[in-house]
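Asker: If you scroll down you'll find the structure; I have some questions about it.
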Ligand SMILES: [Zn+2]
């Protein structure tokens, strides 16, 4: 008897959990990650599924012949952001195994192969690039780029993979494996509270907003906090502070999102006027022109405020992910399959968060199911989904697998 949803959940719950914060620190290729991977392999074995690890370290568990092609694939990731919640990622993997069990319990006979996948290093918490496993597979990240990634201790991605027992020489595009995938459906806890305000425990994704990261270097002149008169200062901190406020205005008026969540200050002394304030902007919007306008407006504000303080600012775009529109036919089919069996409305909603499904969408028809998150909080130990909503998510995913794989 394979483990139930509740048993699987309980097994994963303590892995990588930090006693102080209560959050998860499951970073790629660390001990906590290895424990999660061992768990995945055990779940595959307990169900008699064919287990494999692909060249990029993603784990697969197959019901049916992997080589037959046109597979229905579901899953998510098991790694976490620093002090992340229990649901982001694992809910999709645990629900995938539970849905497979649900399929068997219904006596459904798949006519297509069905697979569960765990994509490696989705959050990018260790090496700074998100969705490494799926980006490598689809060619969005080259092996050369991956080789240049380092963690905070200077360990490179290939070194980390090797230390975890994987062959970093093998990483790269995996067209052969992707060619086996007919569709990919990722179930994920909602990151936001769209469903929280509805009577629906499960929704279907329409699109992933375009998003990017920009580094702002506000430069001024370091000086003594006790002897430098206010009018003699070239202080980059007020310019930065005014830019944060401007970013909030620009984003709010465009219905977009702008966040300065990371900052480094030099020399970083309590009694020193700073010489440099380096700040990172994360910006997202429903479409690329809107995003471009918002970031442009924030940049203009930054330049004005920097000049006013006698300093200057430089901008570097560190990453950019274009809009992802999930395959409309697959999305509509998911809505139809759920509406046929479930008593609730099936909302179709966009998200500002990146996912492996968004990366895979460039190569295979991809779709997402979101499970209601009553507070909308994510990437935090407070991230939550109710137990009955998780059960509804498994039911919905089972409906989807039955509808797609058993006809
Ligand atoms: Zn996630």
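Glycine is no exception: its Cβ is also placed from the backbone N, Cα and C atoms.
Those TrEMBL annotations? Automatic predictions, nothing curated.
Take a look at what TrEMBL says about it:
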- 77, 88, 188: Zn(2+) 1 binding site (BINDING)
- 88, 123, 379: Zn(2+) 2 binding site (BINDING)
- 213, 271, 284: allantoate binding site (BINDING)
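In the displayed structure, how are the listed features positioned relative to their neighbours?
Answerer: Of all Cβ atoms in the protein chains displayed, 26 besides its own lie within 10 Å of the Cβ of residue 188 (Zn(2+) 1 binding site).
A sphere of 10 angstroms centred on the C-beta of residue 123 (Zn(2+) 2 binding site) encloses 23 other C-beta atoms.
Of all the Cβ atoms in the protein chains shown, 7 others lie within 10 Å of the Cβ of residue 271 (allantoate binding site). In the three-state DSSP scheme, residue 271 (allantoate binding site) falls into the coil class.
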Asker: Rounded to a whole number, how many Å is the Cα of residue 213 (allantoate binding site) away from the Cα of residue 123 (Zn(2+) 2 binding site)?
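Answerer: On Cα coordinates alone, these residues lie 15 Å apart.
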Asker: Using Cβ-Cβ distances, find the residues under 8 Å from residue 77 (Zn(2+) 1 binding site) that belong to the same chain and are at least 6 apart in sequence, listing them in sequence order.
Answerer: 89, 92, 93, 118, 119, 120, 121, 122, 123, 133, 356
Asker: Would you mind sorting out which binding-site residues among 88, 123, 213, 271, 284, 379 put a C-beta under 6 angstroms from ligand 1?
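Answerer: Checked binding-site residues vs ligand 1; flagged 88.
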Asker: Within 8 Å of the Cβ centroid of the Zn(2+) 2 site residues 88, 123, 379, which other residues of the same chain have their Cβ?
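Answerer: In sequence order, the nearby non-listed residues are 80, 81, 84, 85, 89, 125, 191, 378.
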